[in-house]
Amino acid sequence: MDFVNQLQRKFIDYSSSLHREGIVDDQFTQLRKLEDENSPHFVMEVASLFFEDCEKLINNMAIALEQKQGVDFKQIDECIHQLKGSSSSIGAMRVKNACIAFRSFSDAQNREGCLRCLQQLSHEYSLLKNKLQTLFVVSVASRYLYVCLLMVGRENEHAEPFSDVLVFQLEQQIVAAGGSIPRVH
Amino acid sequence: MGNMATQTQFHVLAVDDSLIDRKLIERLLKTSSYQVTAVDSGSKALEFLGLNGENEDEERNSSVESVSAADEDHQVGVNLIITDYCMPGMTGYDLLRKIKQSSSFKDIPVVIMSSENIPSRINRCLEDGAEEFFLKPVKLSDVNKLRPHLMKGITTKTEMQSNTNKRKGSEEIQSPDRTRPRYNELEVV
């Protein structure tokens, strides 16, 4: 029963599909390369910050577009600029592209166009969040499963460890929390 | 080059108003084994360096932990500044100008980052003293370009300490159309 292999396979397939669908681009791959034993959750941390940021900005833009006395397009533009920057930095390609489209309507001070763009942006954001959260769950599950296997001495049933340094980190955490890593050989 | 006992790591000051970009640049720099201080504005950067407004060496507030870079015996200062261009209040360009106008800090290499590819902006930054201009999103390959600029600072210091008057050879790393003379002084950063 090679659950870990299967999970790892799922992770790889799922990750590839995100790239294929254009949800993330090469910058996301670059971020994953920056994870190591000192920073094993870097991508998740940055993604969480991004989700918060995105929700706040989308909300601010929705409010701005509702203003009866006149829409502050300068504010909208600043929000778009910020969101375009952060989505680009984490590799959220479709969100970034939605921002680019949004900007042209904001520049033209086209309220209806902006409302449509905001809707599209929200949609892309939801999609991204959903997919990344799934990716993270699969990633974490397979790491923990690997550690469980380690604890019962069955780790060699798994062809390749998910990531040596990440497993090392998890082992350290278990030991630091007062647990032990029993080996059965 | 054994006179650098006190300095085991280069210290980079990163300036960006975006939290996500600060996290990213911090990770990129730490991955490259640099010590990092990240601040969210140009004015905080100047505060950290000990430059407040017009006066240099003004009384430092408690957030500044390191000795002024003007103190040559204890080089715990900043070896490079990397800053975003577009920031509210003081832009990265304004910060660049202030650094280059400061007698204590003008030799600290400054690198500018921007999400916008505007040639006139890029040229202006490079002409006014920026060592590099990175387009965002910044990658590890960009951060690898920082090392020569940091090593140049070490080389200059070592020459000072060994008391040679030999002029540094032309180790121009930047594009050849830069006209500003930059290697004439032996002044330590």
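Each residue, glycine too, has its Cβ placed from N, Cα and C.
Bear in mind that TrEMBL entries carry predicted annotations, made automatically and left uncurated.
Worth saying up front: this structure is predicted, and the values here are computed from it rather than measured.
Per TrEMBL, these features apply:
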{"type": "COMPBIAS", "residues": "B:155-164", "note": "compositional bias 'Polar residues'"}
{"type": "COMPBIAS", "residues": "B:168-189", "note": "compositional bias 'Basic and acidic residues'"}
{"type": "DOMAIN", "residues": "B:11-151", "note": "domain 'Response regulatory'"}
{"type": "MOD_RES", "residues": "B:ASP84", "note": "4-aspartylphosphate"}
{"type": "REGION", "residues": "B:154-189", "note": "region 'Disordered'"}
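For B:ASP84 (4-aspartylphosphate), the number of other Cβ atoms no farther than 10 Å from its own Cβ, over all displayed protein chains, is 27. For the domain 'Response regulatory' (B:11-151), the model's average pLDDT works out to 86.
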